[in-house]
Every structure is written in C-alpha cells, then in structure tokens.
Amino acid sequence: MAAMSSFFLLIIGLFLVFTTTTTSFAELERFEEPAKGADGSLSFLVVGDWGRRGTYNQSQVSLQMGKIGEKLDLNFVISTGDNFYDNGLAGTNDPNFEESFTKVYTAKSLQKQWYSVLGNHDYRGDTEAQLDPILRKIDSRWLCLRSFILNAEIAEFFFIDTSPFVDSYFNTPEGHTYDWRGVTPRNNYIANLLKDVETALRESSAKWKIVVGHHAIRSAGHHGDTPELVKQLLPILQANNVDLYMNGHDHCLEHISSIESPIQFLTSGGGSKAWRGDLKGTNSDDVKFFYDGQGFMSVQLTQTNAEIIFYDVSGKILHKWNVSKELQSAM
Ligand SMILES: [Zn+2]
C-alpha cells in the first residue's frame, strides 16, 4: 500500500515537474476575442498616452471615444501605452488608476475589454503594479501585460513590450528611474521576445496580422523613428506579412507607409497632452497623414477590408483610409 502511494506521488511529482517546466518556457500568453456576427467583422478604438486624471483634454477625447464607440459597436479598446503619467502607478492601490482610467472612460460603449501595453512612463513607476491581476478587481476592463497575443479570429494582434529595446533608457536615463524588474538580463529578454514574436507571426494564419507597441517604428513626430526597432523588429514584421503596426509615444496622430513592404505605420498617441508644433519630416512621401494634436483612431475590419479613421478632440474625422484584401477561397 505504501509502495502504491509512493508510486502515485512519484507520478504526480513528475507531472508537476513537466507542467512547470513547460510553462516556464511558455511562449507569449494568448487571449481570445470572438468576432461579431457571421461575417467575423471587428471594430475597436486605439488610444495612447492618456492617463492624466482627465486633464489636458483627456476627458474630451474620452467623450468622443464614447460617441464613436457607440456607433461602431466596439469589440474592445487598445491602449498603446504611457497609461499613467508622469511615473506610471506607484502601486496597485495608487488612486491614479481609478482617477485616470475608471473615472474618465465612463461611456457605456467603452465598457469593453481594454488591451494595454506599457510605455516608457509606465516603467518609471511600479511596473508590476500595472500588470497585477488585482487591478481587474477594481476595474474588470483592465488587462495589461508586457507582451501577449490576442486572437480575434479574422485578426491576430501581437502586443510587444518596446521600452526595453530603447538604449537611451539604460545608458542616459536623464534623472529618471526605471523599474526593470523582470526585464534583466536585457539582452536575453529582447532575444527571447523577438524569437517568440517571430514564431507566433510565422505560425499565424489570421487574415490580418496587427502588431502593437508603445514606441513608433516610423514617426515624423517629436521622437521620430525608433532605430532599435527599425533594426531589430521591423525585419521580422516585414518577413511575416504584418499589415499594421500601431503605437503611441509621439503625442500625435499619423499614418506612414513603407516603401519596402505593405506594412502601414499608425501612431495614436493623442489621448491627452499634445505637443503642438513639434514635428519633423512631415513632407516625406511616406507620410500619408500627420496631425499634431489630440485624438484617437478607430479600426473596422472585415475579411476583405480594413477601414482606419483618425478623429480629433471634437470627434471630427481627420483622415480615413481603406485597404482591401483579395478573398482567398478555402475550397
Ligand atoms: Zn512614451
């Protein structure tokens, strides 16, 4: 009998070792979002650089998001990071979470799941607080991970933690303190992330492949291109037929297309404070649209069409753009 129990304990032990080993080498965490209706269409809003307790027109942008969200019957909302200014959250009990999120995005249409990445400002606080599932008990809409995948049937979204790529945050932090717990050793972190993203993109059979990060790959705004991402991330996106790259960081709205591939670069970083007059190189042919002010973006996807619209702080449409795909028969 004792031998029998030891045998079972051994089996359970082996099972535990096996499962914990596999999860510690797990790929990016995956989430599922069912598409709407039989045609599999999706609609969502994208906003970035927002958390300022409603100030700097954050509340006005939120009001318009609510109205447009009502019209589009949203599936979810995407935040491109710099969720809480100036220095992220101080902890899971920081009132800034409710004051800048729960009490600002109050419209009925925005009571959907929010998928968020971290920005550089978020790394200046207690980074792990924003990732803590306890925040979902305060506001169930909140979901923020460093990097993850969202499968929404016709589209697959790859959320990428871009702050660790930026050399200057490590080499010349200019008086800012970054909470890099969970990111060091940095080179391993970046190498593993790139490998996971490449594998996931390669294996994806989604009609639309959409990558979301905080930092721009291409931008005509204040920060401009992020050379580390141009060098390390962009080749992976180009090799795997990514349709859209969406980011914040520059406090503007912009649409840039690449000459090297069909990938479209979309900045939605106008969630609150804007930097009027701070731009560079907007006369390039690649820059299809640039607005140096507050606002947000909507995306409506079907199997064969993507419609992307930028709105200003009064809800006015600033730029609308469509891309069509051939309907590939599965027969
Ligand atoms: Zn930023």
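A Cβ is built for glycine as well, from the same backbone N, Cα and C atoms used for every other residue.
Caution: TrEMBL annotation is automatic and unverified by curators.
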Which of Asp49, Asp278, Asp285 belongs with Asp82, Tyr85, His251 in the Fe cation 1 site listed by TrEMBL: Asp49
Among His176, His249, His255 - the residue TrEMBL places in the same Fe cation 2 site as Asp82, Asn120, His214: His249
Distance-selected binding-site residues near ligand 1 (C-beta under 6 Å), from Tyr85, His249, His251: His249
Between His249 (Fe cation 2 binding site) and Asp49 (Fe cation 1 binding site), the C-alpha gap once rounded to whole angstrom: 6
Whole-number Å value for how far Asn120 (Fe cation 2 binding site) lies from Asp82 (Fe cation 1 binding site) (Cα to Cα): 6
Listed in sequence order, residues not in Asp82, Asn120, His214, His249 with Cβ within 8 Å of the centre of the Fe cation 2 site Cβ atoms: Gly48, Asp49, Thr80, Gly81, Leu118, Gly119, His121, Asp122, Thr162, Ser163, His215, Asn247, Gly248, Gly269
Between Tyr85 (Fe cation 1 binding site) and His214 (Fe cation 2 binding site): CA-CA distance (Å): 14
Spatial separation of Asn120 (Fe cation 2 binding site) from Asp49 (Fe cation 1 binding site) - C-alpha basis, Å: 10
